[in-house]
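These notes concern the structure reproduced below.
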Amino acid sequence: MAKDDSTVRCFQGLLIFGHVIVGMCGIALTAECIFFVSDQHSLYPLLEATNNDDIFGAAWIGMFVGICLFCLSVLAIVGIMKSNRKILLAYFIMMFIVYGFEVASCITAATQRDFFTTNLFLKQMLMRYQNNSPPTNDDKWKNSYVTKTWDRLMLQDHCCGVNGPSDWQKYTSAFRVENSDADYPWPRQCCVMDKLQEPLNLDACKLGVPGYYHSQGCYELISGPMDRHAWGVAWFGFAILCWTFWVLLGTMFYWSRIEY
C-alpha cells in the first residue's frame with residue numbers, strides 16, 4: 001500500500017478518528033466504573049451478604065478495560081501513522097484479550113439485574129438484621145454491616161423494611177427473636193424522628209398511627225441505584241464494543257494491505 005496515496009491517507013484519518021473515540025470511551029468507562037465501585041449509596045454490604053457481588057466485579061473489570069482501551073488506542077494510532085505491521089499485530093493480540101474481558105463484564109452486569117429481587121433482600125434482612133448469634137465470625141461481620149446499612153437506610157430515606165413495616169410482623173426474623181412484639185413491632189428506625197433523632201411519638205409509632213411511622217418499603221431505594229449501575233456498566237460497555245468492533249475490523253483490513 002503506497003503511503004502517499006490520498007485514499008490511504010483518508011482511510012488512515014478515519015481509523016485514527018475511530019481510535020480517538022475508542023480512547024475517549026475508555027476514559028469515560030473507567031470514570032463510570034470508579035463511580036460505581038466507590039459505592040455512593042453504601043449498599044455493598046447488602047450485596048456481599050448475599051455472596052453475590054458480581055456486579056462490583058463487572059465494574060472492576062470495566063475499569064481495567066477502560067484503561068486498556070485508552071492505552072491500546074494510542075498504540076493503534078502510532079501503528080497506523082507509521083504503517084508498522086508489528087505494532088499493529090501487537091495491538092490486535094492485546095485488543096482481542098481486552099475485548100473478551102469487556103464482553104464478560106457486559107454479560108455479568110446485564111444478567112445481575114434479575115438478581116435484585118424483593119425476596120433476596122427480604123430473606124437477607126430477616127436473617128441478618130440484629131442477629132447476635134451468628135455461627136461464624138464471617139457471619140458476625142456480615143450481620144453487623146447489614147444491620148448498620150439497614151439502620152442508615154431507614155433513618156436517612158424514611159422507609160421501613162423491604163416492602164414495608166408489615167415485613168417485621170408477617171415473617172419470622174432474628175429481630176423478632178431478640179425483641180418482643182409489643183415493644184418492638186418494628187425497629188425504632190421506622191419511627192418518624194424529631195431533630196434529635198428520637199421518635200416523635202414512640203407509643204403512636206408502636207401502634208402504627210399514620211404520620212408517626214414510615215409505611216414505605218426500602219426496596220426501590222436499594223434496587224434502583226443497583227439497577228442503574230448495572231445497566232450503565234452493561235449497555236455503555238456494549239456500545240463501546242460495537243464501535244470498537246468496526247474500528248478493529250477496519251484496522252485489520254488496513255494491516256492486511258501494508259507492504260512488508
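Including glycine, each Cβ sits where the backbone N, Cα and C put it.
Database features, via Swiss-Prot:
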type: TOPO_DOM; residues: 1-15; note: topological domain 'Cytoplasmic'
type: TRANSMEM; residues: 16-36; note: transmembrane segment
type: TOPO_DOM; residues: 37-59; note: topological domain 'Extracellular'
type: TRANSMEM; residues: 60-80; note: transmembrane segment
type: TOPO_DOM; residues: 81-86; note: topological domain 'Cytoplasmic'
type: TRANSMEM; residues: 87-107; note: transmembrane segment
type: TOPO_DOM; residues: 108-229; note: topological domain 'Extracellular'
type: TRANSMEM; residues: 230-250; note: transmembrane segment
type: TOPO_DOM; residues: 251-260; note: topological domain 'Cytoplasmic'
Give the nonlocal contacts of the topological domain 'Extracellular' (37-59) in its own chain as ranges (CB under 8 Å, at least six residues past its ends). 104-106, 108-109, 112, 115, 120-121, 124, 128, 142-143, 145-146, 148-149, 152, 222, 225-226, 229-230, 233-234
For the transmembrane segment (230-250), what are the same-chain contacts with Cβ under 8 Å, counting residues 6+ beyond its ends? 11, 14-15, 18-19, 21-22, 25-26, 28-29, 32-33, 36, 55, 58-59, 62, 65, 69, 92, 95, 99, 102-103, 105-107, 109-110, 112-113, 116
What are the DSSP helix, strand and coil residue counts for the topological domain 'Cytoplasmic' (81-86)? 4 helix, 0 strand, 2 coil
When DSSP states are grouped into helix, strand and coil, how many residues of the topological domain 'Extracellular' (37-59) land in each? 12 helix, 0 strand, 11 coil
Positions whose Cβ lies under 8 angstroms from the topological domain 'Cytoplasmic' (251-260), at least six residues beyond its ends: 1, 11-12, 15, 18-19, 76, 80, 83-85, 88-89, 91-92
DSSP says what for the topological domain 'Cytoplasmic' (251-260): how many helix, strand, coil residues? 7 helix, 0 strand, 3 coil
Composition by DSSP (helix, strand, coil) of residues within the topological domain 'Extracellular' (108-229): 68 helix, 4 strand, 50 coil
For the topological domain 'Extracellular' (108-229), the mean pLDDT of the predicted model: 89
